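If you look up Swiss-Prot, you'll see THR9, PHE10, HIS14, PRO15, GLY16, HIS17, ASP92 marked as ATP binding site, on the strength of sequence analysis.
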Amino acid sequence: MRRVIAQGTFDILHPGHVHYLSDAASLGDELHVIIARGENVTHKPKPILDGRQRRDMVAALDVVDEAHLGHVEDIFVPIEEIDPDVIVLGYDQHHDEDGIKAALDARGIDCEVTRATPRELRHDDELLSTGRIIDRIVERRC
């Protein structure tokens, strides 16, 4: 059984998230998704929804076998527990593949690290980013 991990914030689910997770699921038999805890999100604004809500939404997607909240102090703990064959990064996630691979190697975790493919726009006004969705909400509702 080939075990795959995808990870992210997943605040306000959108078609880009669904594509990422579907792409990741296609690379194995079992997809585990690690949901970043709000306190660990440092590269962009903190999530609007709490971790449990984001985890439950991701878990409801058919392609996801299990959704996990990330560890409060050490983002690699869930990876060690799941013991994946491959970690799939989002095509535009800020993580450095080589840096992740080096950190995994240092912990004795032997798995492939790859990137998901980008999702092509299907409509001119399609939004594939939580930030752009929030901008549109502010523009139209405030």
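Using the three backbone atoms N, Cα and C, a Cβ is placed for every residue, glycine included.
Feature annotations (Swiss-Prot) mapped to structure.
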residue : record           : contacts (Cβ under 8 Å, 6+ apart)
THR9    : ATP binding site : ILE35, ALA36, VAL41, LYS44, PRO47, ARG54, THR130
PHE10   : ATP binding site : HIS17, VAL33, ILE35, ALA36, ARG54, MET57, VAL58
HIS14   : ATP binding site : LEU127, LEU128, SER129, THR130, ILE133
PRO15   : ATP binding site : ARG119, ARG122, GLU126, LEU128
GLY16   : ATP binding site : ARG119, LEU128, SER129
ASP92   : ATP binding site : PRO118
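Around HIS17 (ATP binding site), a 10 Å sphere centred on its CB holds 24 further CB atoms from the protein chains shown. The record gives THR9, PHE10, HIS14, PRO15, GLY16, HIS17, ASP92 for ATP. Within 8 Å of the mean position of their Cβ atoms, the other Cβ atoms in that chain belong to GLY8, LEU13, VAL18, HIS19, TYR20, GLY90, LEU128, SER129, THR130. ASP92 (ATP binding site) falls within neither a helix nor a strand when secondary structure is assigned with DSSP, and so counts as coil.
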